[in-house]
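Peer 1: What follows is a structure written as structure tokens; I'll ask about it next.
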Amino acid sequence: GGIFETVENEPVNIEELAFKFAVTNINRNRTLMPNTTLTYDIQRINLFDSFEASRRACDQLALGVAALFGPSHSSSVSAVQSICNALEVPHIQTRWKHPTVDNKDAFYINLYPDYAAISRAVLDLVLYYNWKIVTVVYEDSTGLIRLQELIKAPSRYNIKIKIRQLPSGNKDARPLLKEMKKGKEFYVIFDCSHETAAEILKQILSMGMMTEYYHYFFTTLDLFALDLEPYRYSGVNMTGFRLLNIENPQVSSVIEKWSMERLQAPPKPETGLLDGMMTTEAALMYDAVYMVAVASQRASQMTVSSLQCHRHKPWRFGPRFMNLIKEASARWDGLTGRITFNKTDGLRKDFDLDIISLKEEGTEKIGVWNSYSGLNMTDSNKDRSTNITDSLANRTLIVTTILEDPYVMYKKSDKPLYGNDRFEGYCLDLLKELSNILGFIYEVKLVSDGKYGAQNDKGEWNGMVKELIDHKADLAVAPLTITYVREKVIDFSKPFMTLGISILYRKPNGTNPGVFSFLNPLSPDIWMYVLLACLGVSCVLFVIARFTPYEWYNPHPCNPDSDVVENNFTLLNSFWFGVGALMQQGSELMPKALSTRIVGGIWWFFTLIIISSYTANLAAFLTVERMESPIDSADDLAKQTKIEYGAVRDGSTMTFFKKSKISTYEKMWAFMSSRQQTALVKNNDEGIQRVLTTDYALLMESTSIEYVTQRNCNLTQIGGLIDSKGYGVGTPIGSPYRDKITIAILQLQEEGKLHMMKEKWWRGNGCPEEDSKEASALGVENIGGIFIVLAAGLVLSVFVAIGEFIYKSRKNSDIEQVS
């Protein structure tokens with residue numbers, strides 16, 4: 001007997017239809033029951049009417065039935081179940097039933113999978129996909145019972161769960177979906193009927209939440225039977241369970257017969273199901289009837305009896321028939337796979353759930369969950385990124401970027417330009433190459449606030465990073481630096497360009513050599529030491545020449561007995577000897593003694609080294625304009641306050657100094673933060689203009705410095721790189737596009753196209769070489785000081801000659817007066 005509930009506006013009960021369909025098929029198949037024909041009695045009751053359910057059950061038992069099927073609602077089920085337990089008649093259920101505390105329903109069998117097992121299956125999938133934040137949306141309170149294992153997960157796993165309830169009835173769920181969209185809840189589990197699921201999917205589509213960034217999981221076992229055609233090409237991740245073993249040819253044959261009968265039936269109300277598709281409830285009812293039929297065939301000499309509810313006299317064949325039903329199920333695979341039951345509570349055990357996922361080709365099996373062995377995924381791609389990005393052809397992606405030479409610039413044209421044609425630059429060429437490889441279409445939009453993306457003290461982001469977080473853009477193709485803090489909220493591809501932070505500053509003004517630049521090869525200290533050395537050597541030579549006997553000679557060699565001897569190394573002659581050797585001109589004075597020759601030899605060696613060093617440096621000091629910069633590195637900047645310095649506000653360079661723990665950079669950030677209004681600039685163009693017009697140094701990426709210095713010869717890079725980093729293509733976190741873009745970038749790198757693009761956009765007119773390859777002619781400004789020294793020497797000699805003449809004249813006059 002079958003007891004089925006009628007629902008308003010639903011004249012056809014799917015379980016009743018499946019019940020009749022199963023009986024009809026079994027009676028037609030004479031191989032199963034060649035000598036027996038199944039008969040049935042169907043009673044219809046109103047929903048939630050447990051009293052009526054009890055009365056109709058007693059009516060059927062009075063007629064004499066071997067088993068009772070239905071009803072579905074829990075209150076009615078409990079009433080019928082108590083009667084069946086008392087009269088020992090098998091009671092068959094095909095819907096989920098709220099578990100009882102005592103579990104003493106010995107004559108109760110439920111073909112619907114155990115709620116605890118399904119909850120474990122959902123948890124296993126959440127762990128497999130590595131979801132850290134999950135939203136559970138349930139239709140009624142029983143959903144919380146069915147998902148107990150998942151709800152308990154935060155205490156055992158690092159998972160955060162948000163629980164939301166759908167509005168009761170068929171109310172609009174879009175306000176709830178709007179809250180989920182605003183809260184960036186991308187991983188959602190829906191526990192609801194297939195009718196509700198069909199309606200929810202329509203509202204999700206209308207809310208713009210049917211995108212590749214969302215992953216929806218439905219616990220209904222009828223997801224495969226829903227009409228998912230409108231969502232196949234949206235890229236959305238949609239997963240569910242399937243109990244029907246549709247890959248079995250025998251099962252497919254039964255489903256085909258069911259579909260043919262359903263398509264010939266009168267039009268049914270809109271439920272969101274595919275036309276003629278067999279639902280899980282129908283398949284379970286078919287299996288239940290078939291299972292009872294197999295047990296009846298094996299129950300020889302069994303007769304049914306008329307039972308009276310008020311007499312409490314049980315059916316004498318009840319326990320035996322109950323055992324035959326359980327034994328029959330153990331030897332047979334139904335439409336829903338292998339069917340076995342627990343001995344204690346009659347719940348189904350050891351079953352398989354197919355994991356199905358929506359792809360462009362339709363729903364596909366990507367794995368199996370077994371109540372004993374657990375999860376076994378056959379699809380190696382967890383988030384279907386391969387499937388989505390393989391089908392990027394003709395998919396339009398929104399690309400956010402920022403104006404920055406030479407990455408993104410407005411294209412100069414006499415005609416008005418629209419769309420992507422408005423822009424040109426390195427990033428536009430990169431986008432074009434990526435589009436050619438992956439086949440997607442792109443729409444370039446400038447970031448609304450003109451910022452790269454930084455986090456304020458409240459944890460809020462701005463710029464391109466915020467647009468990716470809010471899913472206003474699919475890609476960020478710009479000079480966007482890969483940083484640790486950004487990687488927490490968005491994903492990056494592998495870098496398409498490597499760089500570092502450096503200092504942009506004005507070239508120092510050159511200083512021309514002075515007229516006395518011939519003195520520059522040696523420092524003033526060295527000149528003084530040379531002069532003192534000359535005087536010191538002269539004095540030593542004078543003393544040694546006086547001391548040694550070999551420097552004295554007879555001025556009258558013709559008179560060998562003369563007692564008069566002379567020495568050439570007077571004090572003035574000794575000084576003249578030193579000066580002559582220093583000037584590399586020599587003198588007529590030659591030392592004769594070994595001791596004086598040692599002094600002279602050492603002095604000549606000294607003057608050789610000094611004069612050689614002087615000559616080697618003289619050319620450079622006479623011809624090169626000396627470039628003197630007040631700063632040579634970041635340390636020089638940090639040690640002074642005269643030259644102001646800063647970076648682009650809310651850029652990665654600013655973030656680097658803000659987060660750095662190195663003392664020099666901490667000191668620099670303290671300087672910049674104390675002068676934010678003047679030290680930090682809005683963009684690179686503003687910073688470059690300040691470098692040119694004021695005493696300001698801009699901290700920026702080395703690639704941008706390279707580009708600027710190629711086009712403005714008044715600017716230069718100071719020092720080396722402060723750090724090392726890279727520019728990458730940004731995507732929302734969990735985006736399925738990232739891996740494919742990374743592969744495309746690596747392909748462009750191996751083909752040399754990234755280098756070719758950089759050469760194209762960075763090569764400028766070039767600045768003249770600072771050092772000429774050909775020697776330049778020396779002018780008066782280079783060696784004029786030598787002429788001054790010559791003139792001074794000549795004038796000095798004239799005055800000395802006049803002095804000598806006057807001195808000699810006076811001396812002769814005095815001699816004549818004496819004589």
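Positions of Cβ are set from backbone N, Cα and C atoms, glycine also.
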Peer 1: TrEMBL has Pro479, Thr481, Arg486, Ser652, Thr653 down as binding L-glutamate; which of Glu424, Glu701, Glu706 does it also list for that site?
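Peer 2: The record-listed residue among the candidates is Glu701.
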Peer 1: For the disulfide involving Cys309, grab the partner from Cys58, Cys713, Cys767 as TrEMBL records it.
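Peer 2: Of the candidates Cys58, Cys713, Cys767, the one TrEMBL pairs with Cys309 is Cys58.
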Peer 1: Using Cα coordinates, what distance in whole Å links Thr653 (L-glutamate binding site) and Cys713 (disulfide bond)?
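Peer 2: Checking the Cα atoms of Thr653 (L-glutamate binding site) and Cys713 (disulfide bond) gives a distance of 24 Å.
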Peer 1: If you run through the domain 'Ionotropic glutamate receptor L-glutamate and glycine-binding' (406-470) with DSSP, how many residues end up as helix, strand and coil?
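Peer 2: Split into helix, strand and coil, the domain 'Ionotropic glutamate receptor L-glutamate and glycine-binding' (406-470) gives 24 helix, 13 strand, 28 coil.
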Peer 1: Cβ within 8 angstroms of the Cβ centroid of Pro479, Thr481, Arg486, Ser652, Thr653, Glu701: which residues besides those meet this for the L-glutamate site?
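Peer 2: So the additional residues around the site are Tyr452, Leu480, Thr483, Gly651, Thr655, Phe656, Lys725, Tyr727.
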Peer 1: Counting all other Cβ atoms within 10 Å across every protein chain shown, which of the recorded positions Cys58, Cys309, Ile631 scores highest?
Peer 2: Ile631
Peer 1: Measuring Cα to Cα, tell me the gap between Ile631 (site 'Crucial to convey clamshell closure to channel opening') and Glu701 (L-glutamate binding site) in whole angstrom.
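Peer 2: So the Cα of Glu701 (L-glutamate binding site) lies 18 Å away from that of Ile631 (site 'Crucial to convey clamshell closure to channel opening').
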Peer 1: Specify the count of other C-beta atoms within 10 Å of the C-beta of Thr481 (L-glutamate binding site).
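Peer 2: Other Cβ atoms within 10 Å of Thr481 (L-glutamate binding site): 25.
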Peer 1: Check the Cα distances from Cys309 (disulfide bond) to each of the binding-site residues Pro479, Thr481, Arg486, Glu701 and keep only the ones within 10 Å.
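Peer 2: Of Pro479, Thr481, Arg486, Glu701, within range: none.
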Peer 1: Per 10 Å Cβ neighbour count, which of the recorded positions Arg486, Lys658 ranks highest?
Peer 2: Arg486
Peer 1: Express the predicted model's confidence over the domain 'Ionotropic glutamate receptor C-terminal' (396-764) as a mean pLDDT, rounded to an integer.
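Peer 2: Mean per-residue confidence for the domain 'Ionotropic glutamate receptor C-terminal' (396-764): 85 out of 100.
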